[in-house]
Amino acid sequence: RRSKETRGLLDLGKGVLQMGLGNRGLLNKIDDIASRNGVSKDKSRNKGPTPALMGHSNVLDDLLHGTLIAHAMDFSFVQCVMLYLSFYTFFELNLLTEKKGQEPLILQSRKKSKLEVGPGEVGPGFLSATEIRRSPKPQPNPVPSPWTSSAPPPISQPSDSPISILPSHPYADITSLSTLPFPAQNAKYHRELEAAVGVVERACRLCLDVKSSLFSSDGRVVEKNDQTPVTIADFGVQALVSLELGNLFPSIPLVAEEDSTFIRSNNLEDLVVNAVTGNSSFTESTCTEADVLQAIDRGGKDAFTFGTKPATYWVLDPIDGTRGFLKGSEALYVVGLALVVDGEIALGVMGCPNWQNEQSNKLGIIMVSHVGCGTWTKQSPFVLDGTTGVPSSWIRCFVDHCCIVHEARFCSQDSQSWDSLPLSPLFSATTDVDSVGENQVLLIPSCCGSLCKYLMVASGRASIFILRSKVDRIIKAWDHAVGMICVHEAGGKVSDWKGNQIDLAADEGGRRFIYPSGGVLVTNATLHNQILELISCGSNVSQ
């Protein structure tokens, strides 16, 4: 009898682990598996389960729902399996105690804790299947991410969109229904994140629309002596993002790079308006010149004064890597958008229209991050012909696991040579992956801008990004805010060269600048302290 029962539980548990939480057909599939293994899918206890698991439906509930809750709370695969094995062992012990005439351990545990859990609530025990199925309320206090001190409370139910994880990952077959890569109830700011993803995608299309004007019909680059294309794209993106977010979240201010002074003085208003109109989601009306100029100025200097208290605001870099915009496809540029809530970065979205996908010939990715929910990316080709194609799947990103400095992959700011960095007295740098010498490190060429370096570290393509502060230690906040949360939620770490956390509120009035000591260090976390020590050592040597 026990062999049949345990075999049924194992089959059921495997099904749960493979299907995950959030699929609308999940409960039907669970019922089918349960029926095949002799478990009644009727909640009523007076009818009882079928003989294979007679008298042990409570144990089955705890095993099943504990695993479901663990997956919903973003436990790792190993943690989920260990939890499942723990339930399995508990079930075995429960059978043994019943054979000895004792009260089942699960009932003992429930009486001891005096647990009374209502529909939609989470306590130290586990819910019943029907309670999870019909729960109208969000589950409070989800388990925090391994890289954050706390996770935000859930808000609402997930919507519809497929996700997947890298094929080599144990979760490769798990799918869920959400426009985001994680259940919306796990993300406090899921509405803001969904809006940010949509507007960044449209902003990337705007960039490609404008950039197409640089090429002739035969694919050659059209020679231009001015910065007109990148100027139109830069201001157009800021206007587009400001219009969209201002319409959805009018009370949240925008901190951005530009104001409208330049395009007014150079008579570029019409070109910017046309670029915005062609990519805006406002179909019922056309954006006027006044609308666009006002939207740009909404994020400009002195548009809003914050004061000393923690603030909530958007941070936008319309185009990070303007030189990359003007160069060929190998030079990267990024549209970066982050939301800061009460002084802490809550979410971030980066769009890189010409990022080369390693598994296909298509260009373009979107990277998203939400506090406590990890960092995710998906291939997102920003096509110009109006076709959409098959939507790609979300893939969770993690930093690399390099733990030896000599084997790490470095990237640095394009405008700074390796010799200008404090590591240069200790290591020379080479860009040839096949000829890294004993006292050399591999420097990955990556043009242009700062955000593409954050993207590389967050996706595991680089181990370290090191940046020296420029004049007066001033660094622009929009060059780093979105990259910081993407790296952090991927398991990495960001600090200044002294190891201090980057303070986004250092510029009390405008929140436009940060003042890191020495510079900014972005790593996979494993190497962070080693690099800090080497920076200190290298600085002493150079002096």
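Positions of Cβ are set from backbone N, Cα and C atoms, glycine also.
Take the Mg(2+) site that TrEMBL assigns to Asp317, Ile319, Asp320, Asp479: the candidate from Glu257, Glu258, Glu407 listed for it is Glu257. The C-beta environment of Asp320 (Mg(2+) binding site), restricted to residues of the same chain at least 6 apart in sequence and closer than 8 Å, consists of Tyr333, Val334, Val335, Gly336, Gly449, Ser450, Leu451, Cys452, Trp478, Asp479. In the structure shown, the C-beta of Asp317 has more C-beta neighbours within 10 angstroms than that of any other entry among the binding-site residues Glu257, Asp317. Those same-chain residues not listed among Glu257, Asp317, Ile319, Asp320, Asp479 yet with C-beta within 8 angstroms of the centroid of the Mg(2+) site C-beta atoms are Leu316, Pro318, Gly321, Val334, Gly336, Gly449, Leu451, Lys476, Trp478. Same-chain residues at least 6 positions away in sequence with a Cβ under 8 Å from that of Ile319 (Mg(2+) binding site) are, in sequence order, Cys207, Val230, Ala233, Asp234, Val237, Phe325, Tyr333, Val334, Val335. The local packing around Asp479 (Mg(2+) binding site), expressed as other Cβ atoms within 10 Å of its Cβ over all shown chains, amounts to 23.
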